Structures are given as structure tokens and as C-alpha cells.
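As annotated in TrEMBL:
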- 114-353: domain 'ABC transporter' (DOMAIN)
- 481-498: transmembrane segment (TRANSMEM)
- 510-533: transmembrane segment (TRANSMEM)
- 553-577: transmembrane segment (TRANSMEM)
- 589-613: transmembrane segment (TRANSMEM)
- 619-639: transmembrane segment (TRANSMEM)
- 651-670: transmembrane segment (TRANSMEM)
- 700-722: transmembrane segment (TRANSMEM)
Amino acid sequence: MPEGELKSVSVDCCHGTEGTVDFMHNGISSHQTAARYVRTPPPLPDSLNNGIMLSSPNLVTPLSAVGSGGQLVKKVPNKSCTLPSMGFSSGSAATNQKKPNELSHLPKRLPVDIQFANLAYSVSEGRRRGYKTILKNISGKFRSSELTAIMGPSGAGKSTLMNILAGYKTSHLNGTLLINGKERKLRHFRKMSCYIMQDDQLMPHLTVREAMTVSANLKLGKQTSSNAKRIVIEEIMETLGLVECCNTRTTNLSGGQRKRLSIALELVNNPPVMFFDEPTSGLDSSSCFQCLSLLKSLARGGRTIICTIHQPSARLFEMFDHLLTLAEGQCIYQGSVQGLVPFLSSVGFECPSYHNPADYVMEVACGEHGECIPKLVMAVNSGKCNNLNQQQSASNVTETCIANDNVKDNTDRILSNGMTGGTVSVPGVTCTTSLLDSDENLKHCKQNTGFPTSSFLQFYILLKRTFLSTMRDQTLTQMRFFSHVVVGLLIGMIYFGIGNEASKVMSNSGCIFFTILFLMFTAMMPTILTFPVEMAVFMREHLNYWYSLKSFYFAKTMADLPFQIVFSIIYVVIVYFMTSQPPEVMRFMMLLTMCILTSVVAQSLGLLIGAAMSVENGVFFGPVASVPILLFSGFFVNFNTIPGYLQWVTYVSYIRYGFEGAMISIYGYGREKLSCSEEYCHFRNSTMFLEEMDMARAEYWIDAVALAGFFLLLRCVAYLVLRLKLRLMK
Ligand SMILES: Nc1ncnc2c1ncn2[C@@H]1O[C@H](COP(=O)(O)OP(=O)(O)OP(=O)(O)O)[C@@H](O)[C@H]1O
């Protein structure tokens with residue numbers, strides 16, 4: 001945007017003393033009063049450019065009138081007016097009639113209220129210790145169109161409560177959880193909610209637009225045309241200020257941009273409930289403000305926005321509509337932000353003037369003002385904060401009722417019209433983006449609990465994404481490619497022309513063993529290093545109901561195969577011809593097959609290690625676990641030399657099968673006598689050499705089947721580990 005452009009529009013629709021401007025909401029003009037244009041400095045790269053910053057008139061202290069980047073922002077009441085959701089008012093004064101950016105093309109959804117009563121949660125600490133209670137009798141209600149904060153000291157149970165509400169923790173849970181007054185149906189609820197984690201897990205090698213496209217393809221399904229998906233993507237990117245970086249890879253995004261992209265990816269199907277785990281962590285104060293502004297705008301769009309937050313500044317604290325404060329797993333306050341100070345005061349804790357109420361309540365919760373938690377819990381349980389909140393909101397009752405009536409009228413109208421597409425104006429609380437999901441709601445909540453797309457489509461989309469991502473991954477692909485070429489040439493030079501020389505069969509077997517060893521490590525180690533990142537992305541997307549584990553896993557398996565095959569071919573071609581192995585197509589193909597099988601087995605082992613443990617543990621465990629596998633491969637020590645009680649280990653050494661199969665490929669199947677450049681060559685007959693290596697009776701096909709079996713087994717175990725991980729999260 002050009003410097004000095006008129007950008008922000010502040011609206012006061014309740015104190016209609018100023019000019020008038022019409023905002024187009026979904027094609028229907030909604031009359032707003034009091035437009036004011038504010039000259040702003042050029043936006044920061046991260047600027048959300050929210051045209052309108054909103055705040056409650058009932059806040060403890062007024063919301064700062066200075067928005068992010070210095071633009072003036074005028075307060076408007078919380079609920080009584082229709083607001084352009086996250087609209088950037090772009091253009092100059094002359095274009096002030098321009099329709100602000102809105103999320104008008106998203107699927108339609110009904111607002112969702114979450115009510116919970118007497119939630120108690122405990123975790124098992126082993127048989128001896130029994131159960132540890134983490135949450136005790138937490139009750140409350142999180143409403144649509146409100147930005148709710150769950151606050152409390154570290155270990156108070158914030159994340160646990162949010163995980164329970166989001167449906168990620170379900171075992172050892174007592175209490176009632178209602179969604180719009182009805183019992184929560186977990187699968188259905190998970191489909192209409194999303195959880196945005198603290199560490200924004202993104203596919204590092206995809207651009208913003210590519211990531212958005214994958215999200216739209218997976219979350220909107222086939223019933224939405226590609227054109228409609230494109231419009232949704234453009235609209236969200238524009239609204240969230242991601243257009244500038246749409247071709248930037250996610251690994252290069254700033255913290256604020258990553259957070260916005262995480263939100264954008266989930267917004268594609270317009271979930272009415274959004275959970276955020278510490279959305280401001282790791283952001284500077286300006287980005288924190290922008291981030292919360294965005295969340296507030298999302299809430300004003302009719303969504304239920306719930307986030308955990310540690311210790312917000314006064315400026316951020318005031319942006320929340322609703323607050324639930326926890327201490328030691330108990331609720332010590334619940335209600336509006338502006339009700340906090342009066343509540344604390346009523347229990348005998350006076351928040352000093354000019355003191356951030358958020359800081360003060362944290363001090364109280366941490367016990368810095370004496371043993372107070374039982375007192376506060378009692379006050380909450382006796383309904384004290386409810387009473388105070390009711391008194392405080394009494395003045396707003398009339399306008400809230402009007403707003404709610406509007407929502408109801410509008411919802412009824414949409415339902416009775418059977419409106420399935422186009423634009424919808426929802427005056428009042430729900431604003432522009434609280435749209436109805438045509439599939440779920442218009443057909444009176446048909447309980448479609450599956451994923452938005454078929455398993456095959458999920459597989460196809462993920463296959464393409466994994467393939468693209470692997471292609472761009474320097475560790476996984478580019479470095480591996482060069483290492484195969486360089487090491488292939490090096491080995492070719494070291495063992496140059498020895499393949500048909502009887503006096504050098506031991507050296508040649510070393511060359512074959514090194515080939516297997518090299519392909520094993522280059523397949524296993526990059527997977528150990530990179531899979532945990534992919535897995536974190538998978539966890540986020542799977543838990544947000546994008547696709548199934550099966551589709552992800554099949555796609556991962558299939559996308560990896562071409563790379564393993566190509567790298568093995570590159571290396572084997574170089575080494576085979578430089579070292580003058582027998583010029584027979586069959587032997588070449590047999591050796592190549594062994595090399596490919598060994599590398600896919602090693603990669604599967606890497607996948608299992610990556611799935612089961614962290615990168616740090618994996619890079620230690622992978623090579624260490626490979627030592628016995630190599631030791632019992634038949635190269636260092638013959639089978640008959642190994643003590644009987646240890647011989648079984650050779651059967652679980654997959655390298656043994658790879659090495660044996662490779663040796664048979666070169667020296668088996670009645671190879672003609674080798675040439676001898678010395679006076680006497682003991683191993684001119686290659687069968688003698690195989691006998692010396694205890695491989696004369698080995699069968700190539702058994703080695704190939706054994707490796708294929710290892711591949712399937714390791715892939716299945718890795719799959720089960722992933723399943724177990726998902727289950728343990730509950
Ligand atoms: N699986 C578990 N086993 C034992 N204790 C647990 C388990 N999960 C959580 N806890 C305990 O429950 C308490 C609440 O944890 P939770 O992560 O919800 O806290 P929090 O308020 O989100 O903390 P923070 O702000 O530091 O993230 C902590 O004392 C934690 O140690």
C-alpha cells in the first residue's frame with residue numbers, strides 16, 4: 001500500500017454523531033454511522049491492517065486509541081453493530097466507499113456456544129501413585145462472538161482445560177459439556193472447531209499459497225469448485241495480510257506471518273469455534289497486538305474464540321471479552337474482563353490504581369497476596385462473579401437482546417429460505433462471516449462425521465504435497481543427490497576396475513558391502529532428521545480433521561519410493577561401471593534391486609525411529625542400533641564363526657540379506673572364471689569365494705523376500721506407533 005494512504009476506518013454505530021458510510025456486507029449494505037478516516041503510516045510487513053479495531057465499552061480501562069502501526073482507532077461497543085470483519089480499508093479517501101475486504105465466500109456456519117459444568121479431570125500417575133487431579137469442578141460458558149481468555153499461572157491447567165474443551169482429552173473426565181445447549185458429539189464438534197497450536201507447525205518447503213491450496217482442497221472437498229476455492233484462498237490471504245508473502249516459503253515467514261498463516265489455513269472451512277494455545281507467545285508487543293486484533297475480528301465475525309494466555313499487557317488484556325482464570329486447577333474468576341477488578345475487590349483484594357489487572361490477578365493466583373485461592377474459589381462457586389457481571393452488563397441488556405433477536409431472525413430466515421450459497425448479511429452479533437454450513441445445518445444438522453474428502457482424494461493431495469516438499473528439501477533430496485554422485489565417484493575411483501579380478505575379490509566384496517552400508521545410512525538418517533517435522537504438521541492437521549492417518553501414511557510411503565529408487569540407481573550405475581562389475585543386464589538388475597530394497601528398508605527404520613522418538617534421541621539411536629545390524633551382516637564375521645546363541649541375530653539383520661543378495665548377484669549363478677593378473681588366484685572360481693563367505697547355499701529370492709518382509713513389517717510398526725501416539729494424546 002502506498003505510503004500515507006488512508007486506510008483505517010473507525011466506526012461508532014452507537015453514538016451516531018458523525019458522518020455516515022455504508023459498508024457492504026455480503027452484498028447487502030448495512031448502514032453504519034460515524035465513519036472517520038485516519039491517516040496511517042505505511043503498514044509493517046506483518047501488519048494486519050485491520051480497518052476497524054473493536055473494543056468493549058465496558059472494559060476496565062478504555063482500549064487504547066492507537067492501533068498497530070500507529071493508526072487511530074475508535075472504540076465501538078462490543079455487540080450492538082454490524083462490523084466489517086477484519087476488513088482492510090484500502091484505497092484513498094476517494095475510494096472510501098470501496099467495500100472492505102470480508103470473508104464473504106466462506107462456507108456457512110452457525111454460531112456455537114460452549115457450556116461446561118463441574119469439569120473434573122485427572123491423570124494416572126502409575127499404579128502406586130494413583131490419579132492426580134488436574135482440574136476441579138470448572139464451570140462456565142464461552143459464547144460466540146466473544147474473545148475468551150483462559151489465564152492462570154504456569155501449571156494451573158489452562159492447556160488441559162482447552163484440550164478438554166477442544167475434545168483432545170476425553171479419558172478420566174467428569175462433568176457436563178454442552179454445545180449450543182446439547183450434549184457434545186465429539187466427532188461432529190471436532191469438525192466444526194480447530195485448534196491452533198503455540199508452535200505453528202507448517203510444511204517448511206511449501207509457499208503460503210501452496211499451503212492454502214492444500215488446505216482448501218482437503219477441507220472444502222470436491223463439492224466446492226476450484227474457482228470457488230481460489231476465491232476463498234484469495235479472500236483469506238487478503239484479509240489476513242498474507243498476499244505480500246503468498247509466494248514465500250513458510251520456513252522464511254516471520255513469527256507474526258506464521259501465526260496468521262496458521263489461522264488462515266484453518267479459516268478455509270470457516271470453523272465457528274477456534275482454540276488458540278498461547279497465540280501471542282514468541283511475538284513482539286506490536287505483533288501480539290495485531291494477533292489479538294485478528295482474533296477479536298474473528299470473534300466479531302460470530303465465531304467462538306478461546307485462547308490461553310500467560311500474562312498479557314494491560315493493552316492486550318482489555319481486548320478480551322471474557323476471562324476465565326485458573327489457579328491450581330480451580331476457577332478463581334470467570335466473567336467479563338471489566339468485572340475482574342470489582343470481583344477481586346469484593347473478596348478483599350484491591351487492585352492498585354495504574355496496576356495491570358492481568359498482572360494483579362496472576363499475583364493473587366500465585367499466592368503473592370496470601371493464601372487466597374480457597375477464598376476466590378468459594379466466591380466463584382457462590383456466584384459472586386456472576387452477580388457482579390450481571391450488574392455490569394445490565395446496561396447493555398437491551399442492545400444485546402436486539403442483537404440476539406437479529407441473529408435469530410436472520411438464522412431463521414436463512415434456514416427457511418434454504419439459502420446455500422451467495423452472500424448473507426447477518427446483522428448484529430454475527431456480522432459478516434457467521435455463515436451457515438449448507439451441508440451440516442441446512443439439512444438440519446445431518447451428522448456427517450467423516451473427513452471432508454474421500455480417502456483417495458486425501459491420499460492424492462498428500463502424495464503431491466509430500467512429493468513436492470521432498471523435492472525441495474535440501475537435506476532429504478538435494479544433499480542426498482550430490483552425496484550419491486560424489487561418493488559413487490569416490491568409490492568408483494578407489495575400487496576402479498577390480499570387478500573381474502580374482503586376486504581382488506576381498507576388496508570387491510568390501511566395495512559391495514560399502515555400497516549397502518552407504519545406501520542404508522543415506523536413506524535412514526535424513527528420515528530420522530526430517531520426519532519429526534512432518535509428523536508435527538500431520539498431528540496438527542489430523543487433529544483438526546483434515547485427513548486420516550491412513551491417507552497420510554500411504555502418501556508418505558508412496559512419495560518416498562521414487563526418491564529411494566532414483567538415488568540407488570544413480571549410485572549403483574556409477575559404481576557398477578567404474579569398478580567393472582560383470583557386464584550383464586541381469587546381474588546389474590539383481591544388484592540394483594538389492595540396493596533399492598535395502599534402502600527402502602533402512603528408510604522405513606528411519607521412519608519408525610522418527611515416529612517413536614525426538615530428533616535428538618533418533619540421531620543417537622539410529623546409528624547405535626545399526627551397529628549390531630552391521631556386525632551380524634556376514635561381512636565382518638562368518639555365520640559359522642558366530643557363537644550358536646547369537647546366530648539368531650543374523651536373521652534380524654536386514655543388512656545381511658542385502659549384502660548376501662548383492663554378493664549372489666555378482667558372484668552367484670555360475671559366473672564364469674574370473675581373470676587373474678597374478679601367479680596364483682585362489683578365488684578364480686567365484687563359487688569358492690561364496691563358500692568362503694558362507695553364502696554358497698543362499699538363495700537370492702529369499703533375500704529379496706526377507707527384505708520386502710522387513711519393509712512391510714517396519715512400515716506397519718511405524719504406522720502403529722503413530723496411531724498409538726494419537727491415542728495417547730487423549
Ligand atoms: N499427563 C500428565 N501427567 C501428570 N501431570 C500432568 C499431565 N498433564 C498435565 N499434568 C500436570 O497438570 C498441570 C496442568 O498442566 P497444564 O499443561 O494444563 O498447565 P498450564 O496452565 O497450561 O501450564 P503452562 O502455562 O505452563 O503451559 C501441571 O501441573 C502438569 O504438570
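Including glycine, each Cβ sits where the backbone N, Cα and C put it.
Fair warning: this is a prediction, and the values are worked out from it, not measured in the lab.
How buried are the listed features, and what sits near them?
Listed by sequence, the residues of this chain that lie at least six past the ends of the transmembrane segment (481-498) yet keep a Cβ under 8 A from its Cβ atoms are 504, 507-508, 510-511, 514-515, 518, 522, 567, 570-571, 573-575, 577-580.
Outside the transmembrane segment (510-533) by six or more residues, the chain places 201, 204, 473, 475-476, 479-480, 483-484, 487, 491, 494-495, 498, 560, 564, 567-568, 571-572, 575, 579, 591, 594-595, 598-600, 602-603, 605-607, 609-611, 614-615, 618-619, 622-623, 626, 630, 633, 635, 655, 658-659, 662-663, 666 with a CB less than 8 A from a CB of the stretch.
Under 8 Å from some Cβ of the transmembrane segment (553-577) lie the Cβ atoms of residues 458-460, 462-463, 465-467, 470, 476-477, 480-481, 484-485, 487-489, 491-492, 495, 511, 515, 518-519, 522-523, 527, 534, 588, 591-592, 595-596, 599-600, 603, 607, 715, 718-719, 722, all in the same chain and six or more residues away from its ends.
Counting only same-chain residues 6+ beyond the ends of the transmembrane segment (700-722), those with a CB under 8 A from a CB of the stretch are 535, 538, 549, 553, 557, 590, 593-594, 597-598, 600-601, 604-605, 607-608, 611-612, 654, 657-658, 660-661, 664-665, 668-669.
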Within the domain 'ABC transporter' (114-353) only, compute the mean pLDDT.
88
By Cβ distance under 8 Å, which residues at least 6 away from the ends of the transmembrane segment (651-670) in the same chain are close to it?
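Distant Cβ neighbours of the transmembrane segment (651-670) are 499, 505, 508-509, 512-513, 515-517, 520, 581-582, 586-587, 590-591, 593-595, 597-598, 601-602, 605, 628-635, 686-687, 689-690, 693, 695, 698-700, 702-704, 706-707, 710.
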Taking residues 6+ outside the transmembrane segment (589-613), which of them lie with a CB under 8 Å of any CB in it?
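Tertiary neighbours of the transmembrane segment (589-613) are 512, 515-516, 519-532, 535, 556, 560-561, 564-565, 567-569, 571-572, 576, 581, 621-622, 625, 654-655, 657-658, 661-662, 664-666, 700, 703-704, 707-708, 710-711, 714-715, 717-718, 721-722, 725.
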In the same chain, who gets a Cβ under 8 Å from the transmembrane segment (619-639) while lying at least 6 residues past its ends?
509-510, 513, 516-517, 520-521, 524-525, 528-529, 605-606, 609, 613, 646-647, 649-650, 652-656, 658-660, 693-695
